[in-house]
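**Student:** Structure incoming, see below.
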Amino acid sequence: MPHYRSRTSTHGRNMAGARALWRATGMKDGDFGKPIIAVVNSFTQFVPGHVHLRDLGALVAREIEAAGGVAKEFNTIAVDDGIAMGHGGMLYSLPSRELIADSVEYMVNAHCADAMVCISNCDKITPGMLMAAMRLNIPVVFVSGGPMEAGKITSPVDGKVIAKLDLVDAMIKAADPNVSDAEAEEVERSACPTCGSCSGMFTANSMNCLTEAIGLALPGNGTIVATHAWRKGLFEQAGRLVVELCRRYYEQDDASVLPRSIATKSAFENAMTLDVAMGGSTNTVLHLLAAAQEAGVDFTMSDIDRISRRVPCLCKAAPATDKYHIEDVHRAGGILGILGELGRADLLDLSCGNVHSGTLGEAINQWDINGGAGEAAQKFFRAAPGGIPTTVAFSQDATFLTLDMDRQTGCIRDKAHAYSQDGGLAVLYGNLAEKGCIVKTAGVDESQWVFTGRARVFESQEDAVEGILGDRVQAGDVVIIRYEGPKGGPGMQEMLYPTSYLKSKGLGKTCALFTDGRFSGGSSGLVIGHASPEAAEGGTIGLVEEGDTIEIDIPNRRIHLAVGDTVLAERRAAMQARGEQAWQPVDRERVVSQALRAYAALATSADRGAVRDLSQLKR
């Protein structure tokens, strides 16, 4: 029978000093036999996805204590990728994932907490906490702050919504010289109306949906908007549930409730199956690979490639379409609705466990609105946006008049009526990416699935932006942005500005972009990232020259630099001859801090999730 971890610091005469300090935090005599549960919050006023979380930790804590536990809250950092975008701040985004994972480990292990409720939301916070949960392997429930409502532009005549907007629309309009200042300002003011994670199928929402599929979050976690009153129930339930999980593990020796028991290889495969089916952000590939490594699960790019070849695209939301946002996915039945369709297509392992419903199959039976779910589920998925700008959680209770249960032409489709039988994400291989690269096929126009173009080579994102805005990129080009990988950046910047500017220049469907960096979940078009190995690790992307021919073939999962092997060998030899300057960007001016240098020293390429390789410390 496992012992409560907290007894290490709460029991025995030798812990009198520790108990004295615990008492100073408010604990009483009767609390020292209860489980101590860490409420891992991530409130910050810097990030709209986290600005409303200040009081939600206390909400969870009250439920924990009412259920017989002791709640102790702390905060992690949280970087807003949208605010950090387009300048040196983006270098810090991906490395913050490791910092978050480490800080959770430090706090939980230093204070011997028995379990956690992880209150996450935005891009690197959910992955960082997920990595920590796998690492610590103590009972945990994830509950996110929830998605932002989509922005709306309404008709001045009848007030009806004539367009839905998000952050990416604001960026594209601002860069389009044909858009007036007044129109650009209207979009800017309308794009992000409420608290919550940005409203499309971007990285934050993708990851919060995937925690449902993995089994560590409650139904609706990824889709019910942050402002809706019914989201409060997820936080309350999480507080009660984590105490139950604690008792099952520590008092009943039930290890099935532990993260590593739930997040098995089959669970990661289920999550990736969902990811491909819903066209999730390409960043999810990095984060699932990283979390799997922390869990000790052998889940690799080859598994992702295999899954991507057999799973159809069953759901589309912005940026893959301007018709639907996350609030529309919720109205169509949320993640359990997509999982229900995948289950009926025999594409899931329904025996995988979760924290709330026994097995995935049981959860689908209870929550899939097209699979016979009851009145409670039917009501829950009618939770709608309120249409009122606010930074306050649970501030409205609007409901949709009807559910979207149309699986032929609706937001969520069944397999027979899939958006495409080829899934929403794909892994490409070739001499430009021997270890793979990632493309979000859900966001690529079918006319570009096979594309050949001329290389336009840039040594940094900044140079690429200057080149695109300076009209140095033309239709038919393949923009190469290199030395932006985990080591080369360092930090593997997102390329939302280059992709947005290509669209603003009318090149979104006539150009491609290939990089060892990564993309915001808001990027779409023929944009291919995560080139592995990266340029700084000797990847062939570092040998591409201006004007080279690049061949892209998504149906056959191929990306190829049309240069002979002899020529490539000569280029590689010439690069090696540069000595210490080999595999380094030419004439790039970039200040790299000591913190980022430390990250770069241990970072791996994207095919391994850009995690740290601690074996390098032994060299």
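Note: Cβ is positioned from N, Cα and C throughout, glycine not excepted.
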**Student:** Of the candidates Glu494, Glu534, Glu537, which one does Swiss-Prot list alongside Asp81, Asp123, Lys124 as binding Mg(2+)?
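**Tutor:** Swiss-Prot names Glu494 for this Mg(2+) site.
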**Student:** List, in sequence order, those recorded positions among Cys122, Cys198, Ser520 whose Cα sits within 10 Å of the Cα of Glu494 (Mg(2+) binding site).
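**Tutor:** Within 10 Å of Glu494 (Mg(2+) binding site): Ser520.
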**Student:** C-alpha of Cys122 ([2Fe-2S] cluster binding site) to C-alpha of Asp81 (Mg(2+) binding site): distance in Å?
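**Tutor:** The separation of the Cα atoms works out to 8 Å.
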**Student:** Suppose we draw a 10 Å sphere around the Cβ of Cys122 ([2Fe-2S] cluster binding site). How many other Cβ atoms does it contain, all chains included?
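**Tutor:** If we count other Cβ atoms within 10 Å of Cys122 ([2Fe-2S] cluster binding site), we arrive at 29.
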**Student:** Starting from the Mg(2+) site formed by Asp81, Asp123, Lys124, Glu494, give every other residue of that chain whose CB sits within 8 Å of the mean position of their CB atoms, in sequence order.
**Tutor:** Val79, Ala84, Met90, Ser93, Leu94, Cys122, Thr203, Ala204, Asn283, Ser520
**Student:** Check each residue in the chain of Cys198 ([2Fe-2S] cluster binding site) that is at least six apart in sequence and keep those whose C-beta is under 8 Å from its C-beta; list them in sequence order.
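**Tutor:** When sequence neighbours closer than 6 are ignored, Cys198 ([2Fe-2S] cluster binding site) has Pro48, Gly49, Gly82, Pro147, Met148, Asp166, Leu167, Cys192, Ala204, Asn205, Gly521, Gly522 within Cβ distance under 8 Å.
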**Student:** What whole-number Å value do you get for the CA-CA distance of Asp81 (Mg(2+) binding site) and Ser520 (active site, proton acceptor)?
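**Tutor:** Cα of Asp81 (Mg(2+) binding site) to Cα of Ser520 (active site, proton acceptor) measures 8 Å after rounding.
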**Student:** Which residue, of the binding-site residues Asp81, Glu494, has its CB surrounded by the fewest other CB atoms within 10 A?
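**Tutor:** Comparing Cβ neighbour counts within 10 Å for the binding-site residues Asp81, Glu494 gives Asp81.
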